[in-house]
């Protein structure tokens with residue numbers, strides 16, 4: 001089953017509170033509620049402190065879903081204020097049935113409001129342009145020989161191989177591992193994956209992140225991370241300065257019209273002063289359809305580079321396309337090529353008659369024509385099969401298209417030989433005024449012999465007309481034998497997919513589970529360190545025990561869910577008993593044991609998970625956003641469910657459900673004050689430049705000051721709560 005991140009917070013603290021109330025014959029104890037409050041204090045204060053300093057200066061991480069954060073922050077504080085009101089103000093030391101019911105019902109309320117906040121229901125619609133641009137340039141997923149979707153394309157893999165330092169003597173497996181590591185760094189990860197990784201770090205389990213052996217680390221840092229790594233761009237047909245694709249889905253409803261842009265990208269010369277975008281209709285065409293277009297700034301600015309468009313248009317019955325003109329401002333000054341976006345959407349009420357397809361964002365590039373520009377190859381590396389006939393190499397004219405310019409090109413041997421492997425060339429390209437791209441075609445000679453890969457260089461030289469050579473003055477053309485090409489690509493793709501599959505949490509067999517449970521780092525001994533062996537030794541029996549949980553391949557994962565929950569209930573009951581015995585042995589009250597040892601123990605996976613998320617995620621949502629969510633959920637579920645169960649039981653006995661509030665309400669009050677102070681600091685960090693305008697990271701000294709402040713708040717919380725529990729502070 002798939003769970004939304006804002007709702008995936010069923011924690012041991014909640015189960016501990018439920019188990020305790022049932023074991024104690026529906027009478028309230030201190031361990032469960034105390035653990036919930038102590039855990040909330042630890043997560044908010046200590047985990048935030050660690051996450052703030054875990055980011056290397058001057059890097060920062062900001063919360064992206066700030067609407068969700070504000071909603072859950074309010075309820076995270078209100079949950080404990082509500083707890084104080086119920087136990088101290090409305091009915092002291094008694095929880096009525098209606099109070100327990102409201103406490104529990106606040107849980108679905110928080111989930112709904114947080115979900116609406118995530119979907120920007122309360123705010124004006126904002127488009128994640130980084131995500132939309134990524135969708136525009138990504139090619140469709142590729143399938144392997146079995147029809148299974150890959151997470152990458154072969155062209156990416158082959159391009160990556162060419163980027164590797166050719167002097168390195170690497171096996172095919174090593175190259176596949178390097179590519180898999182690089183690919184995994186761009187994969188989106190959930191909060192739950194970071195939490196699992198945190199737990200596995202403690203127990204010496206299999207990592208969810210690919211780790212390279214020491215012998216490959218240096219190569220990776222030098223030859224891979226120093227070079228830009230991009231996903232393959234889909235090959236579309238060019239048509240009048242734009243890229244045109246023709247894939248669309250027709251809805252099963254025969255009376256449903258489908259709208260989309262005819263092209264996902266358009267280009268216009270600055271001097272033309274207008275660009276025409278085209279919206280096409282598929283499916284049902286015998287109806288009048290309204291749609292709207294809105295322009296959004298990219299690097300181009302509305303009012304300076306183009307005129308804003310934000311209005312509705314109508315497509316008449318039988319009409320299958322509509323062309324709309326957007327005016328471009330020609331300022332007669334040189335500027336680099338700039339972009340803006342056009343968003344296609346449906347007005348309210350049109351969803352009954354029409355829907356939009358995948359191409360709802362069009363990228364418009366304004367090409368400067370006030371200067372002659374730069375001429376360069378689009379790619380520094382070109383890979384072709386030996387049987388291709390001609391190697392077509394694209395030459396682009398960027399940052400200007402004014403006037404008629406020329407550039408010469410020529411070929412040079414590397415290990416391929418002119419007239420034996422390819423036809424040499426030494427010629428001239430002519431770009432007329434406004435032209436922005438040309439194709440160089442180099443004939444490739446297929447000698448039908450089995451040979452190793454061979455390469456030659458095509459270079460640009462002697463530009464005229466005021467133009468200059470750009471950053472890609474040369475491109476290396478590599479010819480790969482057809483059979484070798486297929487064999488290598490397929491084998492490499494299979495090896496990479498094996499490495500990527502290792503990151504999956506899901507297991508297909510019990511055998512895999514026991515193998516990983518009984519081996520350090522799941523059998524990855526090459527990257528295992530001393531700390532992994534220690535963690536594995538201490539947790540070996542528990543790992544083997546939990547390997548008996550059915551794999552997720554059975555019953556769609558539902559059996560895994562319920563059996564895991566049963567195991568967690570048993571483990572939580574043991575933890576509760578051990579904590580009570582520990583407190584008794586060292587002379588600690590249950591309320592102090594709960595907010596210290598038990599809270600610390602149940603929060604350790606969150607601690608490491610949040611620190612990993614802070615370092616590896618682009619935002620702070622997974623690091624600290626989920627902490628606030630779990631704090632409110634712990635009250636509404638961890639106290640709401642046991643209170644509701646106990647209140648119903650005592651109501652049936654015509655007796656009140658008694659909850660001693662003294663230690664609990666004081667702890668809640670102190671925590672609420674610390675919570676307010678902590679939230680104020682996080683808000684200041686987001687909006688003040690001295691902190692880097694981000695919740696995490698930033699300049700060294702300010703981030704350490706904030707971290708120390710959070711730690712001092714936690715120490716103060718423990719100290720004041722302990723003094724009150726032992727009678728030094730009267731309450």
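Glycine residues also receive a Cβ, built from the backbone N, Cα and C atoms like all the rest.
Ranges compared are 15-35, 36-56, and TrEMBL records transmembrane segment for 36-56.
Annotated range for transmembrane segment in TrEMBL, selecting from 565-588, 589-612: 565-588.
Scored by C-beta pairs under 8 angstroms, the transmembrane segment (633-652) has its highest count with 68-91, from the stretches 68-91, 664-684, 704-729. The transmembrane segment (704-729) makes contact with the transmembrane segment (36-56), as judged by at least three Cβ pairs under 8 Å among residues 6 or more apart in sequence. Of the ranges 68-91, 540-559, 565-588, 664-684, the one with the most Cβ pairs under 8 Å to the transmembrane segment (36-56) is 664-684. Highest Cβ contact count with the transmembrane segment (664-684) among the listed stretches 68-91, 97-116, 540-559, 565-588 falls to 68-91 (criterion: pairs under 8 Å). With DSSP classes pooled into helix, strand and coil, the tally for the domain 'Calx-beta' (362-461) is 3 helix, 57 strand, 40 coil.
Annotation: stretch 540-559 has the most Cβ pairs under 8 Å to the transmembrane segment (565-588), among 68-91, 97-116, 540-559. Summarised by DSSP class, the composition of the domain 'Calx-beta' (246-345) is 3 helix, 55 strand, 42 coil.
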